[in-house]
Structures are given as C-alpha cells and as structure tokens.
C-alpha cells in the first residue's frame, strides 16, 4: 500500500485505491512508515499511552500498541522458542499445528550442529520429561475414587464434586498422620512386644514422689455382662482402655535396641508436632492454590454477568435433570447478583434514620445470637461436669441405658446444639437485612464457630475439672488424681466418644431419616403435606461443616488417642460411600448452590480455622497441665514439654548454645522484625502487581477498541472507494 493510501484512511479524505485487506492492515508495516501519517495517533490505545508517557517510554509514538512491524518480532519469537525447546515442550506454546511443526523442524536442524555431548543432553532431557509425563498419567489412574468422583461431576456438576474431593483429601491426610504416628510410636512398641527384633522395653524409673499419685485403679474382673462390652466399645472404657488405642498404654521410657535406645517420650511428642505441622503445611499449600484461582477469577460486576451468561455452562453435565438444575442455578446466581446490586443501591439511598434503625436491630439480634451461644456453651459445661462426676461414682449401679446415657451426655448435648442453632441462626438473619451472599457467609461463619467452639468448651471444661479438686491431691500431684488418675486417657475417651457418636448420627440420619423421606415423597405423592416437606437437599456447606467438625476432633484427640487418625480414616471412607449413595438415591442437589463450592478454597479455609482451634487446647495440655504420674510415657516429667529441654541438654555444648540462642528473645525479636519487613515487601509487590494487572486489563480493553476503530475506518475507506 502506498503513502497516499495511508492518507486515504484519514477522516473525510476519499480514495480511489484498491480495497484494503485487514491482514495487510495488521501485518504490513510499510503502510504506516511515512512520517506525515497521523492516523495511528487517533487510536484509543495511543491516546492512553500519551497520557501515561511518563511511565511508558518504550512504546513507539507512531505505531501505538497494536501496529508494530511484526516480521522481526516473529523471527525473534521463533528463535527464542527454538532455543527454549530443550527445556519446554512444544505443547506448552499457544501455536497452531503448522507453526509447531515448523519449530520442530528448526529444532532438528539445530541439533545437527551441536556436539555429541549436547545432543546426548538434549535427548536425555527429553526422555526424562517423557518418562515423568507417563508416570504422572499413571498416577492419575491410581487416584483414589477417581471414577466415582468423575461420575458425580458428570451427573451433578463441579459443586457437589468439590465436596467429595475435599472428603478424599481428608482421608489421605488422616492416613498420612496415622502412618507418622505408627512409624514413630506404634512400630517400635510392636516390634518389641511381639519379639520381632532383638529389643527390650526400658521401664520408667519412678522418682521419689507420693505413692498416691502413682495409683491407677484397675477395673474389676468379676462377672461381666454382655452389654458391658458394647458400652466399652462405644465409650472406650473397660478392655479398650488398656489397649494401644489410648495414651495410658505407653507407660515405658524407651525401647532398647542393640546399638541405641529409642526415646519413646520424645518420639510420642514429636509425632504429634509433626502431624500438626504437616496438616498446616498441606492445608496452606492447597489454600494458596485455591486463592490463586480466586484471584484470577476476581472480576468486576459487569464481567461477572458476562461470564455467567456466555461462559457459565458446566459442560461436564450429561444428565437432563442436572442440566435443568444448572439452568435454575444460573438463574438463581443472576438473581442473587441483581439482588446484591439492588441491596447496594438500597444502602446508598438509606436515610440516617433508617441506618440507625437497621444497626440497632442488628445489634439486638447479635445479642440474641450471643445469648444462644452462651446457653449452648453453658449446657455443654453442665453436661460435662454432671457426666464426669457421676461416671466414677455411680457407674456400677446403673442399668445399661442409663449408663450409656451418662457416658454420652456431653456428646448428645453437643450434637443437639449443632442441630438446633443453625435453624435459629437462619431465622434470625432474615431480619438483619443483609445481601443474600453475605447472609450465607455470615450464617456459615456462625455455624463454624458454634461447631468448633463446642469442642473447645468440652476440652476446657475437662481441663478445669482435671486441675481443680477439693482435697490436697492437687498440691501433691498437680491435678485431680482421685477423679482422673490418667487424665490423658480420659480426654482421649471423650474425643473417641465424640468421633463414634458423630459417625452414628450421620449413618442414622441417612438410613432412618433421608431414606424413609425419599420413600414417602416417591410413593405418597398425593399427600400435600409430604410434597411440601419434599425430598432432602444435599446441602454442601452443612456437609462440609460436618466433616470439618470430625477432623477437628481427630486433631485434638490424636495426642490422647494415637489410633484416632486410623479410626477417622475408616470413618471418612464409609462416609464417602454413604454420602454417595445418599446423593444418588435419597437426596437432591440444592437449587441454590454455594458459590464457593466450585473451588476448595472456602472448605480449606474452614478446615484451617478448625486446625487453629485444635492447636490451642493441645498447646495448653502439653505445656501447662501436669502430666499423669500413673500412666503414659511422661510420668517423670512435670509437663509433657519438659522432654524437649531434657533432650537438648544431651546435645554437645556448641549445639546447645546455638539452640538456646535461636530460641532466645535476642534472636526472636530481630527475626520477627525481618519477617515483618519481608511481609511488607511482598504486600507492596502484590500491590504493584495488582496495579499492573489493572493496567493490562485497561490495555486489553483499549486493544478491542483499536480493532473496532480500525474496522470502522476500513469500512469507511471501502465505502469511499466504491463511491
């Protein structure tokens, strides 16, 4: 195209030149090489760059952002890609097949001019990457419940699939925790107990202490009724109390092998610390991945509407009814977005009197919420105190049902509180005048706090009973030895009962509530009351809160009951199949799906809250409450944590000095300041990246406006040529 044709594209200048093709307009740089042409200065992107010229100096003033000469750029891109082919696969590049073939030919041509050593390195690198890809593909086929989860995703979409993927993650997490405890604690004991290795137990040398603190009463071995075994199995007492399931079984100081002595108290404590640290790192890693996805998906409201309308369909759905459900869920999400938009507009238009009235009502309703929580916590406290006092005094005088009720009274009260309070919160929040999305988040937050705080209330109630007594026993032993001769085992029994009772409730609700409800809705369709009752919905947030509750129990109880992670693994495996059967045959997906269910970020965030709440009572138990003197591996230590300073004292003096220096305040304060500076740096870096992302989004918008502008000018030029 000549210079005159370039000027013909200016507004109001007719032209007799041939028609201009878009590919020539975008690729041929000669058409914009003449200095008098000022057409490109009219592009929206060029005007934006002119306004930001102080920050963008590398832009070409004549060619804007789109219309640069592309021949040299393409050749440089090809050379760069060809050079990097040795470290990246061709499939990673966004190129068509012909370009990939051309680049492959370039690579083969370059290989001929390399030395034999470089050729061997290239081929070995390719072979190793190909092997890793094949191994990665094979591991995906070995993934637990892969076909089941894919089937659920195909029938019910990605929302419900995320719950089952989260459940699979908890199964794997508990399995790894159990393997850590098994390798560090159980395996040395089993090898010695069954004479598998040439080793022996090192008994704990009892120090000079009051004999009253070392008394551990053994249950009577007289006539035992059959139902006593059922009670023992459900409560962890009796024959289970003396097994390796609980803390009191490990009353040894170590295991002596041929060449060394295995320090069991240290291994017992380190297994708990390692389990919690692994859980924290694993959850944070997966949370960061989900947070990255949420950052990528963060968008403006207009973009959110466009994405839901043009890209909101889930192509994994193959079932007709699920497709209808997806239609309704998209419709609900659009309604929710519009409702939130109306709510924002309503908030902006509120008068000062309405604002005062709304906030006063919210304050009053939040006081009611706090009163409900306080009543639940007090009920758990009273039930725990009543159960602990009567369990030791009158347990032999009770019949089977009364005995079981006393043992499970705290678990029953906690389950009732977890069942009733969500319904109360759902009724209260309707009057607080929040947006629909915030209503869901606030309700879930209250339910999370309720479920997890009940466990903490139970543990702290037990702790208060353990450390308080009426006589001088607490002065002698440091704890209530008369009521709790081995208090760690009894705390483990409470966690065991919570785990078993939660599992029984899940099975009972599925088999005796959901299944009969499905039968009534199916075969009694003429009854209007039953049809109004309807089929049970598969509520994702409620199910997630249930398994997070069970996992929090497992974290707290793993120190007091080392086999509890194995029980939790079996429990979650059974729950997976029960929930899958319930989803397929008794439940229907909720027509109002939780929006964060498309990613596991929210689930992992709730799980992280549960882990933090579990660490608090464990830290207090390990560092503050005196260890039992009648059972367990820490009978010669005032607290469990004292095994760490004792072990450090056996190290060489130089290593001791280093450890004491690292753990001192002189090191901790500067280290904390450096960490804060690094954190501030990354926060500033994230802010800069965010600003760059905003600029790039603006630039993308300007690129599209450039295209529209060019098409408009091209159309005008073609119209002028026809005229």
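Heads up, the Cβ atoms here are built off N, Cα and C, so glycines get one too.
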Same membrane side per Swiss-Prot: residue 213 vs residue 720: yes
Site from 319, 638 that Swiss-Prot describes as N-linked glycosylation site, others unannotated there: 638
Stated Swiss-Prot location of transmembrane segment, expressed as one of 602-622, 644-664: 602-622
Swiss-Prot annotation of region 'Disordered' - which of the ranges 30-50, 51-71 it falls on: 51-71
From 220-240, 241-261, 325-345, 430-450, the residue range that Swiss-Prot assigns the feature transmembrane segment: 220-240
Glycosylation sites listed as 96, 259, 638, least Cβ neighbours within 10 Å: 259
Mean predicted confidence [pLDDT] for the topological domain 'Cytoplasmic' (687-723): 84
Cβ-based contact of the transmembrane segment (169-189) with the transmembrane segment (363-383), 3 or more pairs under 8 Å: no
When counting Cβ pairs under 8 Å to the transmembrane segment (264-284), the leader among 363-383, 405-425, 495-515, 602-622: 602-622
The topological domain 'Cytoplasmic' (426-494) - residue tally per DSSP class, helix then strand then coil: 48 helix, 0 strand, 21 coil
Conformational class of residue 638 (N-linked glycosylation site) under the three-state DSSP mapping: coil
